Amino acid sequence: TMLSLLGAIALVLVAGTPRVLPSAAGGKNLNSSRNVEINIIDDNFILRWNRNSESMGNMTYSADYQRPGMDNWIKLPGCQYITSTKCSFSSPKLDIYEEIKLRLRAEQGNTSWYEVISFMPFEKAQIGPPDVQLEAEDKAIRVNISPPGTKDSIMWALAGPSFIYSIVIWENSSSIEKMIETDYLRDKIDKLSPETTYCLKVKARLRTPRKVGIYSPVYCINTTAENKLPPPENLEVDVKNQSYVLKWDYAYANVTFQVQWLPAYVRKNPGKHSRNWKQMLDCENVETTQCVFAQNVLPEGVYYVRVQASDGNNTSLWSKEKKFNSDIQTIVLPPVINMKSISDSLRIYIGSPKEAGNKPVNQPYPLSYEIIFWKNASNAERKFLEKKTDFTVPNLQPLTVYCAKARAHLVDGKWNKSSVFSDTVCEKTKPGNTSKSWLIAGICTALFAVLVVIYAVKVLWKGINYVFFPSLKPSSSIDKYVSEQPLKNLLLSTSEEQTEKYFIIENVNTITPVEETDQIDEDHKKYSSQTSEDSGNYSNEDENSGSKTSEELLEQEMV
Amino acid sequence: MPDMTQKCLRRTLLVGLCITGILSLDCNLLNVHLRRVTWHNLRLLSSMSNSFPVECLRENQAFELPQEILSHTQSLKRDLKEAFYEMSIQVFNIFSRYIFESTWKQKHMKEIQIGLHQQVEYLKQCLEEEENENEDMKKMKEDEMKHPGARVPQVSILELWRYFNRIVNFLKEKKYSHCAWEIVQVEIRRCLYYLHKFTALPRRK
């Protein structure tokens, strides 16, 4: 019961223990802290603690661990009932990226205490020393690094590919150190002196999360005597007419070369797959310092190539590897240019290139265009650099032929590619001065306006005359009216109803031909009112008919 | 399984909505190439397996692709790029370390490894290009790192590793069975799909 009580208290304390910071260790317990610490190097866990100075006699220690979300404590092999104050074990089967709890139990007779620490294995883990093997050349040393941890390392299974290796190298005789960083397991340190002893040590490090590993032991090696034939230098890969062209520099004549290649991913591959360089058959024993091979020899991907010289008796060492990406074969096609004349300017349209059969080709690259523009049969050229595909060249001479051609440029970082020039297009500018034509148009409009005003005044005058100064000659006025109104009606519409009305009007007039002026005036008034009514009706009807037709139109449209 | 697809769908929608607000990869030409290569890899993976075998549905597992990273509105463009760079490295890792010749044909193995490596290369170049452009930004970030507030980039890489750890452990547990590989393939295709989606976003400075 005493034990269980202690255990219960410990559990409560453990539950209340805050998460430990990576550097600190231990939680609260009954006695003072034992400085329980965990050290992890690669996959090896070492648990250390201090002995309780107060206690005398045999104290046995046991360690268990608990995975997150579980209730049970699992015994750690090699850490059960030991008397020393440290124990080591290889990573238990757990998730190294999850927080685990480690419980140290000390027993002496009837008393025991617990101490629990909580940590994330990966966070606490330190990168161990890598293993290194060296091969010497005359002016270089080949370094083969075996990554820290075992081949089946759990700790670095995912982080391994991101290791950066720092190689510190110095000449045995001097103490000047040079540091080289590489992320390849096999690399070459060059620009060294022949027949010299060099020493080096290597460590691995991680960028995120930041981890610095332990240095390997120091390895020393002698570089060989200088080789009779130096290796080729300055390898360059270009594309020409659907083939790759590999060029290099070589100081001596009368040598033949051979080329080898390797897919780049192989160098990043830790392990099983062969890292054998393959022979480039098109470049076997070439005598020039260049070699052309077809694109389909190295399909899409990233590759390394290297060149070796031979004069029959001796062979040089391999050149420095040149990395290239098959995307250098990307070509920029020439654009399609069009011109349109607009008054005194020419509008230039740049379209996407067209393949055979007028199919537009999609080039999703960031392109800029260079347009050469000149007057036909002249030598003066103007150059425009545009990113837009639609712009105007203003202030040109009228009725003149201008020509243009364009090419596309792809400039992005290290890339610099251009297309060939497009076809030349020529276009004639429009005739005449715009301002002159506007003037003429303006005058015409003015004249027209004047005519309209005159006509309007005339009508108004007649109207005024009619209203305020009616004529005393009924017949003439009536005749005038009669002659005018039906004409007006005829002019305005051709509906049957109008002609009917026309007849009515005439009847009214003929019925009362001989009357006094007053009556005639009254009749005029009647007449006018009638006509006004008629005209009113007419207008209404017109409106109605008009609206009807519009309705009909709508109906037709809807159908 | 229907529940999972619903969850999947919801998550994808959520991510899709979040994505539109966010950043894109901004390496112009490299982006164009990256997009092309990612799409090529997606198609390659799809062509390697025909329809998902029905008997493998039972073993299906949710690996929980960390959405927090993909929809993290605070993360810098650079963090996102680094996350995808790490993701590409891990995918390449899975297809080079854990793949056996019995599972895939030699030719397919090579093709996918070449393609995935190219993807990694483009992302690496993209990050390097940005690093060269923003030397000041880097110094700023390094100062930030000293303060506890800015541990965001480190956390997201760990999340990714947890995710890939789940996948690798699953493969090991199932002893690299055919079904296990089919399931893992589907998951990897999801990853590539998200990467492709990011490359397709309009560029923002």
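A Cβ is built for glycine as well, from the same backbone N, Cα and C atoms used for every other residue.
Since we're looking at a predicted model, the values are computed, not measured.
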Candidates A:C426, A:C444; TrEMBL says the disulfide mate of A:C403 is A:C426
If you consult TrEMBL, the disulfide counterpart of A:C87 among A:C79, A:C199 turns out to be A:C79
Contact set of the transmembrane segment (A:438-461) with the rest of its chain, CB cutoff 8 A exclusive, min separation 6+ beyond the ends, reads none
When pLDDT is averaged across the domain 'Fibronectin type-III' (A:331-432), the result is 84
Rounded Cα distance in angstrom between A:C403 (disulfide bond) and A:C291 (disulfide bond) is 41
If you measure between the CA atoms of A:C283 (disulfide bond) and A:C220 (disulfide bond) and round to the nearest Å, you get 37
DSSP assigns the residues of the domain 'Fibronectin type-III' (A:331-432) as 0 helix, 57 strand, 45 coil
In chain order, residues whose C-beta lies under 8 angstroms from the C-beta of A:C79 (disulfide bond), counting only those at least six residues away in the same chain, are A:L47, A:Y61, A:S62, A:A63, A:C87, A:F89
Same-chain residues at least 6 apart in sequence with Cβ under 8 Å of the Cβ of A:C199 (disulfide bond), in sequence order, are A:I169, A:W170, A:E171, A:N172, A:V218, A:Y219, A:C220, A:I221
